[in-house]
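As annotated by Swiss-Prot, active site, proton acceptor applies to Asp72. What Swiss-Prot lists as NAD(+) binding site is Asp72, Gly73, Asn146, Asp147, Arg157, Lys174, Asp176, Thr187, Ala188, Tyr189, Ala190, Leu191, Ser192, Gln247.
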Amino acid sequence: MEQFRNIGIIGRLGSVQVLDTVRRLKRFLLDRHLHVILEETIAEVLPGHGLQTSSRKMLGEVCDMVIVVGGDGSLLGAARALARHNVPVLGINRGSLGFLTDIRPDELEVKCAEVLDGHYLVENRFLLQAEVRRHGEAIGQGDALNDVVLHPGKSTRMIEFEIYIDGQFVCSQKADGLIVATPTGSTAYALSAGGPIMHPKLDAIVIVPMYPHTLSGRPIVVDGNSELKIVVSKDMTIYPQVSCDGQNHFTCAPGDTITVSKKPQKLRLIHPLDHNYYEVCRTKLGWGSRLGGGGD
């Protein structure tokens, strides 16, 4: 297994709990004589830290591994910056759900020690890349680990659009919006809209209409290498928005085309050896526990 010597730390701002956990993590790593590099925004709220700092954009170039302290939203933001560097990412959960940041604060030292000793699992999670084109010219681009969402923004009106997959016309729809999600994002917004849960190892993309104006509008699961095109109706009078992971946004105009496809670079997500995806789903989604006479 890969050995890690240069460890980057990213933390969610505005949380006392996150800062406390970052301080614990910093002490733990320094006690193991590792080189610790702080992402510059978290470094600003840790005066006197005496450590090397780096921008988020460059952190992946100078680290063997990056540890994200926060919730899934924090890791989503980090993933978009780090995927292109192929640097492994480990998450310590200081949020509400923790599908991606799966180490609890109370087990920080034990689980991080296991990972640093070479006992860990690696998952390669693919991202989506989205581009909005107007009259043949790109006017907006973004990446997403969870989902790319077409929505009406501040308007309460429905959006009318056409869907194409690999150049083939699929259908036109009138709906509150459309969610294009990865397997990672299948337990996020797409799940709330009635989409299926997809195991992270699946090479697939799910297309989920948001409250479609027809009972036949259902989620579609397509090959992960598919190229999706969404064409906003020229007859629209509103300017819908495209959001990547709910964090990056750009505005569309009637007639614009949104292209969504798999990004070449993947996120290398690290888990402790005892990580169990189905246990995570059972815990986070409130699934039923084992029956008294259940199987082994």
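The backbone N, Cα and C atoms fix where each Cβ goes, glycine too.
Positions of Swiss-Prot features highlighted on the structure.
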residue : record                       : DSSP class
Asp72   : active site, proton acceptor : helix
Asn146  : NAD(+) binding site          : coil
Arg157  : NAD(+) binding site          : coil
Asp176  : NAD(+) binding site          : coil
Ala188  : NAD(+) binding site          : coil
When the number of other CB atoms within 10 A of each residue's CB is tallied over all shown chains, which of the recorded positions Asp72, Asp176 has the maximum? Asp72
Can you grab the distance from Arg157 (NAD(+) binding site) over to Asp72 (active site, proton acceptor)? Cα atoms, rounded to a whole Å. 30
Residue, out of the binding-site residues Asn146, Ser192, whose Cβ gathers the largest set of other Cβ atoms within 10 Å: Asn146
Do any residues at least six apart in sequence from Ala188 (NAD(+) binding site), in the same chain, have a Cβ closer than 8 Å to its Cβ, and if so which, in order? Asp72, Phe99, Asn146, Asp147, Ala181
List the same-chain residues at least 6 positions away in sequence whose Cβ sits under 8 Å from the Cβ of Ala190 (NAD(+) binding site), in sequence order, or say none. Asp147, Ile179, Ala181, Val206, Val208, Pro219
Cβ-Cβ neighbours of Arg157 (NAD(+) binding site) (radius 10 Å): 11
